[in-house]
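S.K.: For reference, the structure I am asking about is given below.
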Amino acid sequence: MPRELTQNRIQKLWIPCKDDRASMPSRAGDPHLANPPTVIVMVGLPARGKTYISKKLTRYLNWIGIPTKVFNVGEYRREAVKQYSSYDFFKSDNEDAVKIRRQCALAALRDLKAYLSEEGGQVAVFDATNTTRERRDLILNFGMENNFRIFFIESVCEDPEVIATNIMEVKVSCPDYQDCNKTDAMADFQKRIACYRQTYQPLDPDNNDRHLSFIKVIDVGRRYLVNRIQDHIQSKIVYYLMNIHVQPRTIYLCRHGESEDNQQGRLGGDSGLSVRGKKFAAALGGFMEGQNLKGLKVWTSQLRRSIQTAEAVGVPYEQWKALNEIDAGVCEEMTYDEVKEKFPEEFALRDEDKYYYRYPRGESYQDLVQRVEPVIMELERQENVLVICHQAVMRGLLAYFLDKSADEMPYLKCPLHTVLKLTPVAYGCKVESIFLNVEAVNTHRERPEEVKRGPGTLIRRNSVTPLTSPEPLKKPRIDGLEESIIPETVPKTLSLCAAAHLPLAMASPNMKRCATLP
Amino acid sequence: MLYNMSSEQNELTQTPLLKIWVPWVHSTLSRRRGSSVPQFTNSPTVIVMVGLPARGKTYISKKLARYLNWIGVNTAVFNLGQYRREAVQTYKNYEFFRPDNEEAMKIRRNCASNALTDIGAYFTKEQGQVAVFDATNTTRERRGLILSFAKEKGYKVFFVESVCDDPDIIEQNIMQVKLSSPDYENCDKEEALEDFLKRIECYKMTYVPLDEEKDRHLSYIKIFNVGSRYLVNRVQDHIQSRIVYYLMNIHVTPRSIYLSRHGESDLNLLGRIGGDSGLSTRGQMYASALAAFVQSQSIRDLKVWTSHMKRTIQTAEALGVPYEQWKALNEIDAGMCEEMTYEEIQDHHPEEFALRDQDKYRYRYPKGESYEDMVHRLEPVIMELERQENVLVICHQAVMRCLLAYFLDKSADELPYLRCPLHTVLKLTPVAYGCKVESIFLNVQAVNTHREKPPNVDINRKTEDALQTVPEHV
């Protein structure tokens, strides 16, 4: 006897009634939930983009609703060894340091395990060099014990220019070198790399590692070697990695010019631009020309207002149906007041949980993210792009670039007549907001204060729920170090550029002196 | 390139069939700048297969072409073996393929040139976007010839090399598709197998695989042992990226895909389209019958997928196994015509009704979708179906037509008229280069919801002409 179905009020998903005894699990919202957790293991010499890839991949996975977190062993090491002295710490014969580093890796794995087993994580990224077979075997055993799938991402690059650029972009400004000048930092870091190189055993697809699942990214994406993809998530990860690039470029996000519906406070619809909206379109054309971009692509939705806006920019544009505004279903073309009057319950439910709330016969922000995902993938492939879209869509895209959670997404500020200029920088994205000086109505509704927040509505593991990439642990516990050698060997006032005497364990006789100490 | 603000400048008009906004014809902007379909690439692409015989090149060529055509990229396969069979009417034996057989080499080279000429014609005269050159292409010389040809014409080249040294796989390939080829129609299996293995040996003598070093400037994917490993070099553009993703998701493990619609719904009975109604009594009977059918098939590790609409979920509930809901499997959105009967549509929107009959694939309901829109929204479902093994998809009429068109390689014109009756399961099993279909009616009566294209599709047609093919309902 089939179970009775009821439609849950916020997401409008059909689920079996709760009072039914025969409870077979049904997973509404998004498929592929049955898989075991995955540990992504980065592999590669320093300055090969491992942390860049880790962070970017994590941001993407969280945005599409797969809870993911990075565990960066370097941070654990900085916690354990308060002051970085020099590259000597990384010498393979520095036994004390080797012990500390191992403990850090184990601590990171311990936290990783907790994340996947107890905290609802689905994917964990183990960001470290993992350049020896020994270390990777340790991780493989760890995976086997805990029933985690292991997927390696190895970044191989021998282009000296790329490496030097990486070091300048993210290494010289890292905490390890905060008291150093750039040249010294660069020199020390190069020596650090040399330490690792001595014991580096790359993944070997022909023999030793032929049964492992991995992707080797060679020369920043010129070539890839993909071995034994096991499941959907690994396939998506590979696809994503093969589409991202590091060429400098800029993404411009803006909404269509003010529309006639906007002026009346109506949602959705397909109206044309108001007089002010047309002014904005012209201003946008002027602004984009002033940006002097090479090869700009312009994308719009298939709604009139965004196309009218693009027409004024004066370059060929492509229409994407996927960029259409969120479908407000039965509420299309109503004002908020009309919605409140005709559908008071719906109005209240939306405020209760704006991300998951699906308009009757319409969409939710959650649906929007799924629909817009191919646009994100193509944005990653492209270089300079101007996307002329709509409020909810722009919030969805912005949440991806700025790593905002599902909770924040529906309340991101995306006002009319304002261009957001996004430039990738280091591990993230710089945003500049440029108001083009044409007045428009405000269409932003703040999160109402007095709303009773629903009990975390049906947040299923892996339903399409962007989560902000979790903050790395500020103070990772590193067990097993208490009894060890640290107190004697970590010099308190030491830094790379210290003038003081250096305990043998941490320093080399040829320390270069440089800038002053704190 | 600043534009003057003329009142005409932002005038747009919406094309009646596709519902796409385009600049108004009389405006100063006479050249249509907008494209309603994202551009995958800006030059034609030649996909060049590489590999010894029986490595799955034709299998990959056909499957890839089927996928690309389905997502709207005009693709054709040019199989050199067919050109050779045209030129040399009767195949004698493997000696034709010996590298020292001068006369044969001349013929084979001619065939290759002819194929390349045809590829050129396909691009320039038939709006082809991708051509798959299905041949062994195992020598540097042959590949060099193709690269020069492409360079001269401004085509992009992407190589797909299949490398396999597993003798079991190779033998299986030969048994599946080679022994039944026209070359061996008068041979017994043993003889054919032996000859074919000698044929492979001929090619092996001169086979130079794509080289990591020497060919590092080429764009290619090397597939090892039916997908256990891939080497991807220099993906140039979107279409190549999609091709790589597709190739990395397909597999050859035997499995079956079951397609079915939800059981008959209350709205079905009334002849109304769309909506989100529940199952009728007969629909519920179908759900039970489906459960019994699935049981009887003893399917290993069956996955069950439904849409987000009540009627498919109710159907799945009867199966008593876990199922996954995909919004992408929802029925086509009929926009303003949701929950109307065809009679009502004719009554309220006769012009729309006629336009739909004129081009049912591209026609978009006002504030709704077209079949073309649905194909794009179903693409992730197809990709995941390729990854999976045994799956039962419980969906809707238009959705099922789109999925079926993918599996059976049906054109955009045929797609909207494929027959997907209620209460009938279609069992699809991959076989050789295609798909075997079995249609199983589960013996529970239901209304017919299939509307054929009427003879008169003119906008000004009479009501009875418009309603001529509407199926009966309450």
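Don't overthink the numbers, they just go from 1 along the chain as shown.
Glycine is treated like the rest: Cβ placed from N, Cα and C.
Unlike curated entries, TrEMBL annotations are predicted automatically.
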S.K.: If I go by TrEMBL, which of B:R216, B:R229, B:R300, B:R311 binds substrate at the same site as B:R261, B:H262, B:G263, B:E264, B:S265, B:D266, B:L267, B:N268?
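M.R.: Of B:R216, B:R229, B:R300, B:R311, B:R311 joins B:R261, B:H262, B:G263, B:E264, B:S265, B:D266, B:L267, B:N268 in the substrate site that TrEMBL records.
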S.K.: Express the distance between the Cα positions of B:L267 (substrate binding site) and B:E331 (active site, proton donor/acceptor) as a whole number of Å.
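M.R.: That separation, Cα to Cα, works out to 13 Å.
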S.K.: Check the DSSP secondary structure of B:G263 (substrate binding site), expressed as helix, strand or coil.
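M.R.: Its secondary structure by DSSP: coil.
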S.K.: Provide, as an integer number of angstrom, the distance between the C-alpha atoms of B:E331 (active site, proton donor/acceptor) and B:H262 (active site, tele-phosphohistidine intermediate).
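M.R.: Approximately 11 Å lies between the Cα of B:E331 (active site, proton donor/acceptor) and that of B:H262 (active site, tele-phosphohistidine intermediate).
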S.K.: With a radius of 8 angstroms around the mean position of the C-beta atoms of B:R261, B:H262, B:G263, B:E264, B:S265, B:D266, B:L267, B:N268, B:R311, what other residues of the same chain does the substrate site pick up?
M.R.: B:S277, B:G278, B:L279, B:S280, B:G283, B:L422
S.K.: What's the CA to CA span in angstrom from B:R311 (substrate binding site) over to B:H262 (active site, tele-phosphohistidine intermediate)?
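M.R.: With distance taken Cα to Cα, B:H262 (active site, tele-phosphohistidine intermediate) is 6 Å from B:R311 (substrate binding site).
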S.K.: Listed substrate-binding residues B:R261, B:H262, B:G263, B:E264, B:S265, B:D266, B:L267, B:N268, B:R311 - what's their greatest C-alpha to C-alpha distance in Å?
M.R.: 14
